[in-house]
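A.B. asks: Sharing a structure, written as structure tokens. Questions coming.
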Amino acid sequence: MDKQTAADRVAALRTELERHNRLYYAEDRPEITDAEYDLLFRELVDLETRFPDLAAPDSPTQRVGGAPLDKFEQVTHRIPMLSLENAFTDVEIADFDDRVKRFLGLHGDVEIDYVCEPKMDGLAVELVYERGILTVGSTRGDGVVGENVTHNLKTVRGIPLRLRCEQPPELLEVRGEVYLPLAAFQRLNAQREEEGEPPFANPRNAAAGSIRQLDSRITARRPLAIFCYAPGEVRGASFAAQTEFLDRIGEWGLPVNPLIRPVKGVAEILAYYREMTERRDSLPYEIDGVVVKVDSFALQRELGEKSRSPRWAVAVKFPPRQAVTVVEDIVPSVGRTGVITPTANLRPVEVSGVTVSRATLHNWEEMERKDIRIGDTVVIERAGDVIPAVVKVLTEKRSGSERPLPIPAVCPECGSEVVKIPDEVAVRCMGLSCPAQIRESIIHFASRDAMDMEGLGEKYIEQLLRLGLVKNVADLYTLTKDQFMQFDRMGDKLAENLLNAIEASKQRELSRFIFALGIRHVGEHTAKLLAGAFGSIENLERATEEELLSIREVGPQVARSIITFFRNEGNRETIRRMFKAGVRPTAEEKKVGGRFTGKTFVFTGALTRFSRPEAQKMVEKEGGHAAGSVSKKTDYVVAGAEAGSKLDKARQLGVRVLTEDEFLAMLEEG
């Protein structure tokens, strides 16, 4: 492909990708699948890699994040980002309307045109577009000076890097709120707790923490979103009203909340507020009130500002979702991954119409940091569907009888050893037979990527547990047809199929068996390395930390986790029972003289032609090694869409980068 053809294709791809970004993030009506989007994105990445001088700061490929910064630069807002005055009652809303009319010299019976907007609970930012190109993004800061977070805001998919208009304004400053959807917030916190990191207290903190990351690659991995709601300085365009401004920027590709609505007078403001109060808990994001603005920009200018807030707007806040109560007890509970979490049993109290009697304390480090004790008077907060949490302790109410709960020495469910992993906040039960972990461990053990017990899914595993037929994974190999026939709507043929699937799993590869055990930090890739290095589960069980660390890609954290797992007598007994039942993991054979013998591959980004596990199997089948990180010893990096730090490192080290098509071509060359 010559350079001109490439340039034309790059321009077409950028236009198409930005169009699909707008349809997906701003208009919520995608036209293509994620896989189709990734295919277009990968093509653009490939062309920009082959023709580096075609790269541009407004390309969709710039959203993946770059090298970390040392610090944030300061940005002075051309027009200050003022805070809003608050209102909490119907009377205060009516007072606001009266003040507006008095200042404008209007009669009391005149109804003002207002705009009502959900008040997003996120991080306020300003986007600066110069001739349609996003050049600067900053936080609100103190309203006058904020921080330059352009590199992070460029990773937010909903923010267009170029406005979708033929004649963009010379300058357009847009204010908006970056937020983290509730579902994404819950996934992020679950992941952080699984990795031993402290959870975020609420979605607002998560959004703010993500945008204020010095490493934009971390920001890029978090599904942040934005709604834009106000202009800053504008040159080369004019708007008569807030409604016109929102319509226009929406046409230009900037996300605008579809719940924003023009209203007339106090009665319609109150109706909108009550509607948002009722809808609050069903929204996919956090809001903490309603913002009311005079629609006309001419009237806004006439009304002007006070020292800290505009006269033409007010924030109507929802009732607080906090309450004061007493911690009657602190109970350790075991999660599905073995993490032991302290949970506060509270004196029942009503918060936002819901009676709350329990609250998460997250982990012992967090509990100790807040100094939460049994008997304490505390402030709790409830946010949407998120489990209530203790915000702070009212230490002035202590009597001296309050007592802390120490980390338990053994698991409260099974009595197994409790381990506090160094450099983690999580406290974990290491017992494979722990009742609180059994369900998830059995589902994982039987899954397709582990022992592949075809047909034995969650529904049947739950029935096995309910009937008391299994207590850990070893019990699967003792099941009989008569026991399966106790299930609801179970026939002879289906029972036989399930038994056959369990029987067939006895001969799975050693790497699958190691992965199926659910050892912390040991995924499929590490399981293959361990199987290749030790050849049997007995050898792995006897391995020392030094022997484990000698394996490429096995670090201290993984080594400690493996040793801790096999030190547990319950885990060793479970394995012995499986072997006694006939489980015989088989050693894997590598192809000698294959196409990739002696070659190391790393796969990164979103692959569209095959999954990452499938690609790794292709490499290993041909005698190669599929690694998880890039080093000087890496021969090839296969890059899919949104490839990040691994692709950057490959380029720095001069490692050859392949597209998926180029990888498949190598595989077929023979």
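Just so you know, glycine gets a Cβ as well, placed from its N, Cα and C.
Keep in mind that this is a model prediction, so the values were computed, not measured.
Marked as active site, N6-AMP-lysine intermediate by Swiss-Prot on the basis of sequence analysis: LYS119. The NAD(+) binding site feature in Swiss-Prot is assigned to ASP34, ALA35, GLU36, TYR37, ASP38, SER83, LEU84, GLU117, ARG140, GLU177, LYS293, LYS317; the stated evidence is sequence analysis. Per Swiss-Prot, Zn(2+) binding site is recorded for CYS411, CYS414, CYS429, CYS434, and the stated evidence type is sequence analysis. What Swiss-Prot lists as domain 'BRCT' is 591-670.
Help me picture these features in the structure, burial and contacts included.
C.D. replies: Look at LYS119 (active site, N6-AMP-lysine intermediate): DSSP puts it in a strand. Of all Cβ atoms in the protein chains displayed, 21 besides its own lie within 10 Å of the Cβ of LYS119 (active site, N6-AMP-lysine intermediate).
Mapped onto three states, the DSSP output places LEU84 (NAD(+) binding site) in coil.
Mapped onto three states, the DSSP output places CYS434 (Zn(2+) binding site) in coil. Neighbours of CYS434 (Zn(2+) binding site), defined as other CB atoms within 10 A of its CB across all chains, total 22.
A mean pLDDT of 79 is what the model gives for the domain 'BRCT' (591-670).
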A.B. asks: For CYS429 (Zn(2+) binding site), just count the other CB atoms lying within 10 A of its CB, please.
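C.D. replies: The Cβ of CYS429 (Zn(2+) binding site) has 27 Cβ neighbours within 10 Å.
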A.B. asks: From the centroid of the CB atoms of CYS411, CYS414, CYS429, CYS434, the recorded Zn(2+) site, which same-chain residues not already listed sit within 8 A by their CB, in sequence order?
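C.D. replies: Going along the sequence, the neighbours come out as VAL334, GLY338, VAL410, PRO412, GLU413, GLY415, SER416, VAL418, MET430, GLY431, SER433, PRO435, ALA436, GLN437.
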A.B. asks: Between the binding-site residues ARG140, CYS414, CYS429, CYS434, which lies closest to LYS119 (active site, N6-AMP-lysine intermediate), Cα to Cα?
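C.D. replies: For LYS119 (active site, N6-AMP-lysine intermediate), the spatially nearest of the binding-site residues is ARG140.
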A.B. asks: For ARG140 (NAD(+) binding site), just count the other CB atoms lying within 10 A of its CB, please.
C.D. replies: 20
A.B. asks: Let me spell it out: for each of the binding-site residues (LEU84, CYS411, CYS414), count the other Cβ atoms within 10 Å of that residue's Cβ, using every protein chain shown. Which one has the most?
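C.D. replies: Highest number of other Cβ atoms within 10 Å: CYS411.
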A.B. asks: Could you check which of the binding-site residues LEU84, ARG140, LYS293 is the closest Cα neighbour of CYS429 (Zn(2+) binding site)?
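C.D. replies: Closest by Cα: ARG140.
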A.B. asks: Find the one among the binding-site residues LEU84, ARG140, LYS293 whose C-alpha lies closest to that of CYS434 (Zn(2+) binding site).
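C.D. replies: For CYS434 (Zn(2+) binding site), the spatially nearest of the binding-site residues is ARG140.
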A.B. asks: For CYS411 (Zn(2+) binding site), which of the listed binding-site residues (LEU84, ARG140, LYS293) have their CA atom within 10 A of its CA?
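C.D. replies: None, since no candidate lies within 10 Å.
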A.B. asks: Inside 10 Å of the Cβ of LYS293 (NAD(+) binding site), count up the other Cβ atoms and send me the figure.
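C.D. replies: A count of 21.
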